[in-house]
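> Before we start, here is the structure in question, set down as structure tokens.
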């Protein structure tokens, strides 16, 4: 395929690439014909002003593809036949390169969002489809997995609008009418006609131009940042709100979006009042006042805003036409001023200070001459609002044909043109008009009179008395200087009308558009009413009327001098955040930050953000404080509400970079006992199936350690991997929704023990590796298959082999609530079926069908399936409201026992063996938690009866050095005595079914029994560890005596030496040790210190 440079010139596209599209046709013969002629291409190129941009070539004979491209600007087909999900039989996939392959060539449809209005999203063949063995009639669900996994979905409200929209009749604007015109009109405000002459009179030409350039620097940097963000992907409607929210996230976007929309709504009132004041001045001159100045402003303002609302509601096309007419009037007014500067002035104008271009006047006005109370920054504060308005085009981003191209071109060109105009007007008016003039033609200088050396004196006028008394004319005194200088004064008045009305109209359109986008994202609950759009252009009519009400309210107040500085600061706050967004996205180094507009710099953007914040305080410090307070309040509100959106913001990207940097930094830090914290692997299976196990672990890892909920999928890898992958996101989401600070990890393995081994070795990252294994006690060990028992005890051995501590948790009812969840699932399915039937009834107008199905519902009501089932991902406590029947309500209550606040009680710590201190550290951490803070620690340790007091003092001293508070210390001196006969008999009856009794057999028979049942407990083994068995039984007696009323018991876990103690005997030890007790934690550290008393 050849590549050539486009030669012709037509309007440019937003794409930055050269692309050749070859249509292979629908017939295979055309694709593989041996005698096919060399391809001939019909070329379509898009603009010589943008080299290395889009160039597309089509084969002849495919007019449909060519027409589709001209309409949408995209190179790929949008035929709905490509939605066929049976990609094994879809011939499109088999023709990607003209030979038999399911792999698809790159297409734009694969990268669209689900609700894209430019065309439907197409699902590429999944990895499983092209990797698994080929099977007939394999179908893929309509939702592609890669969309969910990579988070390129859209908010729920946009998904609800996922429809094929008829685009005919939709009005879209190019960069000139959509951005350039609007920005120029908004930047050229009344300041150009009635305040610029005063500014240059106060600051002089030098500082006046500096003020203009400083303002331009702020807006130019913001324009560059806006351009970079706008070209980093497809831009929807919403303007500044959309740019900020998709860059920094909903917290910043939501807070600035609301105040930005409000600022635009109030700005409508400000501009309309400015227009009304000018009209009232004209009425005063002609002595045609209606009531009084204040009420006349209200009457004229109200009528004006009603007319502007009518233009806006009529549609964007009418509003755009009105803007073009107003721009023409404004340009004529500006041209009229420049023409007036070269028309020789008459005596009346000279007496008012206008002498045409004079070098002496230019020299005199070049330096500053600040009056009392004015300075550089005060004058700058007055001028800067005139430079704003650069987001007028971006605010209607949803109505632009190509926002990525229009926003940068229109905004930057508008800034350049308006800046040149401001500087030109400032220099010209300062070169023609003196600062002070009396307006009296009698002040001419008669020959022979002394001259004070001023420029006016040299030109024949003596305005020296203006130094002692106020004068009415000149740059410093007359706000109508431009009207006086112009060739035809009424045109300047028309220009003022044009500037105020165009700015009001732009704000009246911007506010509803931004507010509609904010409401669509549903960040602020309750504002969804204003998200609805009407007509082809999705016009926010409800937003228009809301803006009208706000504008009308402030017009009727007619006191805008107080609110004006706050509104200016609202705009500046949005500029600051746009600059910060650009910096933040660059600093986060996300691969997704790839703006097509490369003329920006992250540090310049940061400087622009700081500059905007500084200008806010320069303009009005108290208004800046109010702006920050309001924005902070809204930010905190949105953060607290946590809107369910995922926009891939730079905040998320920076979180990843920070986490990565910190994890890497952590690898350089050596382990120290003072920094030890429990980092736990918890074998919960699915987190929702064993909530109590997760709750107790989370209690001592929350905010202080790592918690990984692990699940092992046992079985054929092919089946297990599919099941595992399908549920990982859902289970992690369950943890997040239930506010459990933990990760979810899963592995697929041939057996449970192999999976746990993999988790023990590979889980974690760097220093954040697990050091503790938490498992639930296997309550059904006597009924479980032998292989399960071997795996259970085996993973304890494996943990010790990897030098990982072990915590076994036992509660009386057990942990697994899967039976309850199964009932819940069944109820949910029944509820869904019921709702589906009800929906069918509403759609079906047949009375017979209604009666028959409703009869079924009455019967179903008796079965209790008409009540909505509780949500599965809710708190486990909600399950209690279900009708679980025979599925053991006690199990449900037990599963939620660690969610509740523990009353006043004790945590009894039986620190029998020194394991490095983990047995003591875990209960101490528990007492720091809100739910356990009312529980006191009671410490139990073994000792000699003859030295109880000495050992008690010694242990108290050790705990004091560890800085661990305790309520009491008990030294148990009778641990090693034999247990009661009744207790020992219970233990013997427990192990009886598993004993070999080989000592009563001859040697041959005994050896045979050992070979046939190697898992059974031999007499020799039982005799060898008899003292240890006595100890376990005796400990249970002591626990029953001392800790039966405790809230929690933490007990040293006995260790079974490998090869010496069988699995069944070890489980019997754990059973008899923890039998008939409150919740128990059996803890054994890795015998490395986790406590220290050194500083």
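Cβ coordinates are placed from backbone N, Cα and C, and glycine is handled just like the others.
Here the structure is a predicted model, which means the values were calculated and not measured.
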> By the record in Swiss-Prot, which of 452, 864, 875 is the one labelled N-linked glycosylation site?
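Record lookup, Swiss-Prot, feature N-linked glycosylation site, residue 452.
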> Out of 28, 87, 464, 586, which residue gets the phosphoserine annotation in Swiss-Prot?
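Record lookup, Swiss-Prot, feature phosphoserine, residue 87.
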> Which of the listed residues, 81, 101, 667, 701, has Swiss-Prot annotated as phosphothreonine?
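When Swiss-Prot is consulted, phosphothreonine appears for 101.
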> Between the transmembrane segment (324-344) and the transmembrane segment (376-396), are there three or more CB pairs that fall under 8 A, provided the residues in each pair are separated by 6 or more in sequence?
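The answer is no, given that the two segments have fewer than 3 Cβ pairs within the 8 Å cut-off.
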> Do any residues at least six apart in sequence from residue 442 (N-linked glycosylation site), in the same chain, have a Cβ closer than 8 Å to its Cβ, and if so which, in order?
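Expected: none.
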> Return yes if the transmembrane segment (568-588) and the transmembrane segment (414-434) have at least 3 CB pairs under 8 Å (sequence gap of 6 or more), otherwise no.
no
> Pairs of Cβ atoms less than 8 Å apart decide it: which stretch in 299-319, 324-344, 606-626 has the most with the transmembrane segment (198-218)?
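It is 606-626, which has the most Cβ pairs under 8 Å.
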> Under DSSP, the topological domain 'Extracellular' (345-375) has how many residues in helix, strand and coil?
11 helix, 1 strand, 19 coil
> Sequence-remote contacts (6 or more beyond its ends) of the topological domain 'Extracellular' (589-605), Cβ cut-off under 8 Å?
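Long-range Cβ neighbours of the topological domain 'Extracellular' (589-605): 14, 16, 221, 224-225, 227-232, 404, 408, 579-580, 582-583, 648, 650, 653, 657.
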> Where else in the chain does the topological domain 'Extracellular' (277-298) make close Cβ contacts, counting only residues six or more beyond its ends and a cut-off under 8 Å?
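For the topological domain 'Extracellular' (277-298), the sequence-distant neighbours (Cβ-Cβ under 8 Å, at least 6 residues beyond its ends) are 190, 493, 496-497, 500, 555-556, 558.
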> For the topological domain 'Cytoplasmic' (219-255), would you mind checking the mean pLDDT of the predicted model?
84
